[in-house]
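As written in Swiss-Prot, here are the features:
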type	residues	note
BINDING	Thr49, Cys50, Asn51, Arg52, Ser109, Glu114, Gly115, Gln116, Gln120	substrate binding site
ACT_SITE	Cys50	active site, nucleophile
SITE	His99	site 'Important for activity'
BINDING	Gly189, Ala190, Gly191, Lys192, Met193, Ser194	NADP(+) binding site
Amino acid sequence: MNIAVIGLSHKTAPVDVREKLSVPEDVRERALQHLCGYAHIQEATILSTCNRLEIYIVTSDTEVGVREVHQFLSEWSHIPLPQLRPYLFILLHQDAVMHLMRVASGLDSLVIGEGQILSQVKRCHQLGQQYKSIGPILNRVFTGAIAAGKRVRTETSIGTGAVSISSAAVELADLRLQNLQNCRIAVVGAGKMSRLVVQHLIARGVKEIRIINRSLERAQELAQQFPEVRFELFTMTDLLPIVAAMDLVFTSTAATEPLLDRDNLGAVLVGDRSLAIIDISVPRNVHANVTELGTVQLFNVDDLQAVVAQNQEARRQLAQEAEGILEEELETFLAWWHALETVPIIRSLRQKMEAIRTQELEKALSRLGSEFADKHQGVIEAMTRTIINKILHDPTVQLQSQRDLESRQRAMQTLQDLFNLEPIEA
């Protein structure tokens with residue numbers, strides 16, 4: 001079995017491409033069923049965040065399995081494969097495993113060391129288990145990556161004071177508007193990202209915030225976490241008039257279609273007062289055409305790069321320390337994986353050796369006579385087992401220690417050919 005990851009991220013694709021490949025949780029089961037319906041995909045799970053869409057698979061045939069994922073991505077996004085392919089990356093075997101470890105540790109994030117990605121990797125693993133799309137191999141890949149992510153955060157300082165997407169959004173707002181305390185501010189959405197935006201606004205002295213959310217109850221739960229701030233809470237029916245009255249709006253909802261566009265926003269804006277909108281959602285909550293309204297400034301997650309870059313250099317140095325931890329965790333995984341892959345051929349070889357040992361032992365004992373056999377059978381039995389174990393020890397260790405996939409598979413094929421083995425299922 002082969003491990004692969006196929007996907008795209010903030011490093012390979014702009015937000016207008018990433019949003020078309022987003023796989024929200026409410027459709028995750030359908031997407032996983034679709035993936036696992038392909039003939040060459042035995043296990044699969046999907047990591048979908050605002051900055052990445054990655055599909056992890058276990059496949060019996062790497063080339064065909066990757067091709068099946070490409071087909072899925074093209075169908076899901078409605079983007080022809082020739083247009084989509086330049087944005088995609090493919091990593092195989094241990095490179096795919098190391099990539100997930102780096103992702104879970106925050107080393108591959110837009111914001112190096114950010115902590116939210118570890119929770120997202122855990123959730124990806126949970127959903128794969130819940131929908132029964134992952135088996136023993138991906139289960140071990142993800143438990144190893146999660147363990148690696150925890151170690152990096154525990155044993156290094158990479159997460160200390162890390163900029164997050166939410167804090168970068170507030171930083172960008174502060175750079176653009178300067179005095180946030182005197183701005184009329186609204187946050188659209190009441191999830192984790194919105195909570196972090198509120199938290200960072202409060203840290204900059206903001207005392208009044210409007211929350212707009214589909215569920216008023218969720219908005220109330222968010223507001224109750226920050227009793228020191230005066231909140232006004234609204235449902236989505238009030239979205240347009242509230243936004244039109246603001247100086248600054250943050251949007252972070254799970255909506256799959258834009259909530260704001262040139263037409264609906266233009267209909268409610270009055271006068272020439274400026275409005276800044278920072279959209280940290282993927283798919284985007286705000287259509288790019290709002291910038292055609294002369295008084296509106298729009299920023300999305302890709303516009304946060306400059307803000308994030310300010311504290312990245314120090315974090316890159318800490319990331320080198322984290323890479324050593326990941327190498328240790330990768331070694332642990334590879335030892336397990338290599339042993340797992342070689343189990344069928346080793347078991348088949350041992351079964352053949354045991355059959356020969358048993359057959360020859362019976363012949364020898366029958367020639368020695370019943371009196372000798374009864375007296376010494378236990379000793380001879382133990383001796384022959386020890387001989388078999390010692391003969392097989394070195395080939396077993398050498399086979400399991402082969403790190404290179406092709407070399408290991410050649411060695412397994414050689415054993416099968418030399419001993420005329422019939423491989424059994426793992």
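Glycine residues also receive a Cβ, built from the backbone N, Cα and C atoms like all the rest.
Here the features listed in Swiss-Prot are placed on the structure.
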residue: Thr49; record: substrate binding site; Cβ within 10 Å: 21
residue: Cys50; record: active site, nucleophile; Cβ within 10 Å: 23
residue: His99; record: site 'Important for activity'; Cβ within 10 Å: 19
residue: Ser109; record: substrate binding site; Cβ within 10 Å: 24
residue: Gly115; record: substrate binding site; Cβ within 10 Å: 15
residue: Gly189; record: NADP(+) binding site; Cβ within 10 Å: 26
residue: Ala190; record: NADP(+) binding site; Cβ within 10 Å: 25
residue: Gly191; record: NADP(+) binding site; Cβ within 10 Å: 14
residue: Lys192; record: NADP(+) binding site; Cβ within 10 Å: 13
residue: Ser194; record: NADP(+) binding site; Cβ within 10 Å: 25
Inter-residue C-alpha distance, Ser109 (substrate binding site) and Cys50 (active site, nucleophile) (nearest angstrom): 11
Sorted by sequence, non-Gly189, Ala190, Gly191, Lys192, Met193, Ser194 residues with Cβ within 8 Å of centre, NADP(+): Val187, Arg195, Leu196, Val197, Leu222, Ser252, Thr253
DSSP secondary structure for Met193 (NADP(+) binding site), reduced to helix/strand/coil, please. helix
Can you give me the same-chain residues 6 or more apart in sequence from Met193 (NADP(+) binding site) with a CB-CB distance under 8 Å? Ile165, Ser166, Ser252, Ile280, Ser281
Any idea what DSSP makes of His99 (site 'Important for activity'), helix, strand or coil? helix
Simplified DSSP label at Gln120 (substrate binding site) comes out helix
Which has the fewest other CB atoms in a 10 Å radius around its CB: Asn51, Gln120, the listed binding-site residues? Gln120
According to DSSP, which of helix, strand or coil covers Ser109 (substrate binding site)? coil
Quick one: pull the CA-CA distance for Thr49 (substrate binding site) versus Gly189 (NADP(+) binding site), whole Å only. 16
Around the substrate site formed by Thr49, Cys50, Asn51, Arg52, Ser109, Glu114, Gly115, Gln116, Gln120, list the extra residues of the same chain whose Cβ is within 8 Å of the site's Cβ centroid. Gly106, Leu110, Val111, Ile117, Ile165
Checking the spread of the substrate site as listed (Thr49, Cys50, Asn51, Arg52, Ser109, Glu114, Gly115, Gln116, Gln120): what is the longest Cα-Cα distance, in whole Å? 15
How many Å lie between the Cα of Gly115 (substrate binding site) and the Cα of the residue listed as 'active site, nucleophile'? 14
Nearest to Gly189 (NADP(+) binding site) by Cα distance: which of the recorded positions Cys50, Asn51, His99 is it? Cys50
In which DSSP state, out of helix, strand and coil, do we find Asn51 (substrate binding site)? coil
Spatially closest candidate among His99, Ala190, Lys192, Ser194, the listed recorded positions, to Gln120 (substrate binding site) (Cα to Cα): Lys192
